[in-house]
């Protein structure tokens, strides 16, 4: 009995061993056969229509996919462009040729339209029941679009696609191509990769293209193109001229047509590439040198015409028609969800570009600003007196776009402005505490406080720094060290941060700002990079209610001082410093400030305060509108809404 059992076990073992050996031999021969085909694929690929998948959040990958499709068509190679969102991954084993153009979104994750496909590949590759030959009939290539600013997650999706496809038996025709949206070389990198793909598809050797991935993305800059600002909403006509990075990628000239190379000086390249310069110029910016910009604000135009000033006029007494809006750094360290520049200017964690001199920037900004003011001559409401005043700027809002405090010579630039008796309002995004500490006295220093908790700050600001929260808190602490006027700027986004009342109040004690500006987010139109809608825009009554609640929380330390209803903005002031005998002193004595700076002696924020006029005080019937100006309301000629008809 035992002998029979032993024989059966041996026979079963031999059968298993034979089957395993046969499987291994079959798999080896199959893979060897497919590998040989991959080196000369023309005989097998011509009969099959390939697919180009674009995995895209904002349209960059889609635009590149369209370029690749046109290139293939010009070479008589048939492809279909496919949005993976509408594709059934279970059909992938039927494909014989696929090309992926894949971008990487926040946290190294795929954009929404490619989530299901990427996840399906990942799950299949990890599922032992699927096997490693599922895609053995499929040849593929991958090009990734990402930003080195995000470190290890750079082109993570493209690399994962390649790994998963190989793990399922797919044959990679050429190495993964990697393009960086920041370095100005995306078009060249993509074209090199495309050339490699076409070469293989037309029967060339895959080995000829092995160097492609090494050539792509050699620059190590720490930036990304996107757009941001802290200032007032822009004229409606500016939106039509915006060029998104996706459009740039789609319309950029090919390598054969001659790509404009990025200018380098002493090994450092210019922050603003020719393509980005063209984009920002279409948005109304005047570019100064290689990294600065100036733009005329809608409120500057408004007060030139006598139609009212911005909230700074109501809160601090600036003359809006004499205010220049500029920045010495178009780069930033955040990608805020409420950013309305449609993500077309750089971001970075440190300064790595060619640097222009402060005097050159200030002179260039003033010259360009004055030229824009001159264009207002003859516009209805613009008097010769107002025009002449506008040609002599007295204020500078260093908050146009980007992070001005990143500019290494920011103190020297401030000196240039103060030397011309131009006041300075600088806004920082609270990611560079060491820069705040080293700042010389300026008229008013802002820190953007876009959220009150670590989780919501990450969701709203989308910062590049991994230690963004620590930097944020340290920036608030640094603010407390400053002797001049300091401000927290809160941007309320309904449904995102309006419920964090207690958390906001806890931040007050860290920086102890002189003022707290609370402003409702401005809706800037739909964008693939932003999920905000009009539902996220608070009413002025919402902003007032939030401000009053914060004031109550402070137990009298802060009170609501001013409002500017048109901008949906409210100001809290520190009562012990700026409320004297029941009257608010939020305005600034600008001449006194410049005298104090020129003296070289230490001074504080109360040394140059001035009384707030009654029309700007919170609760006044004017709502912060200067009665010396003429209120103008646009006529809305929208067709009337259809009335319900009762049967």
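Cβ coordinates come from backbone N, Cα and C, glycine included.
Quick look at what Swiss-Prot annotates:
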BINDING   56-60, 142-174  FMN binding site
BINDING   332, 336, 339  [4Fe-4S] cluster binding site
DOMAIN    50-198  domain 'Flavodoxin-like'
DOMAIN    316-559  domain 'Radical SAM core'
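Overlay of Swiss-Prot annotations on the structure.
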{"residue": "142", "record": "FMN binding site", "contacts (Cβ under 8 Å, 6+ apart)": "99, 100, 102, 158, 161, 162, 165, 172, 176, 177"}
{"residue": "152", "record": "FMN binding site", "contacts (Cβ under 8 Å, 6+ apart)": "108"}
{"residue": "157", "record": "FMN binding site", "contacts (Cβ under 8 Å, 6+ apart)": "55, 102, 103, 104, 105, 108, 109, 110, 114, 118, 144, 146"}
{"residue": "167", "record": "FMN binding site", "contacts (Cβ under 8 Å, 6+ apart)": "125, 132"}
* Can you see whether DSSP assigns residue 56 (FMN binding site) to helix, strand or coil? => coil
* To do: Would you count the other CB atoms within 10 A of the CB of residue 336 ([4Fe-4S] cluster binding site), including those on all shown protein chains?
  => 24
* Round to the nearest Å and give the CA-to-CA distance linking residue 56 (FMN binding site) with residue 336 ([4Fe-4S] cluster binding site). => 19
* Could you put numbers on the helix, strand and coil content of the domain 'Flavodoxin-like' (50-198), residue by residue per DSSP? => 73 helix, 31 strand, 45 coil
* Asked: Cα-Cα separation of residue 332 ([4Fe-4S] cluster binding site) and residue 147 (FMN binding site), in Å?
  -> 14
* Structure fact -> Taking all protein chains shown into account, the Cβ-based neighbour count within 10 Å for residue 332 ([4Fe-4S] cluster binding site) is 30
* All-chain count of other Cβ atoms within 10 Å of residue 56 (FMN binding site) -> 28
* Just name the winner among 147, 162, 172 (the binding-site residues) by count of other CB atoms within 10 A of its CB. => 147
* In Å, rounded, how far does the Cα of residue 147 (FMN binding site) sit from the Cα of residue 336 ([4Fe-4S] cluster binding site)? -> 16
* What kind of secondary structure is residue 332 ([4Fe-4S] cluster binding site) part of, going by DSSP in three states? -> strand
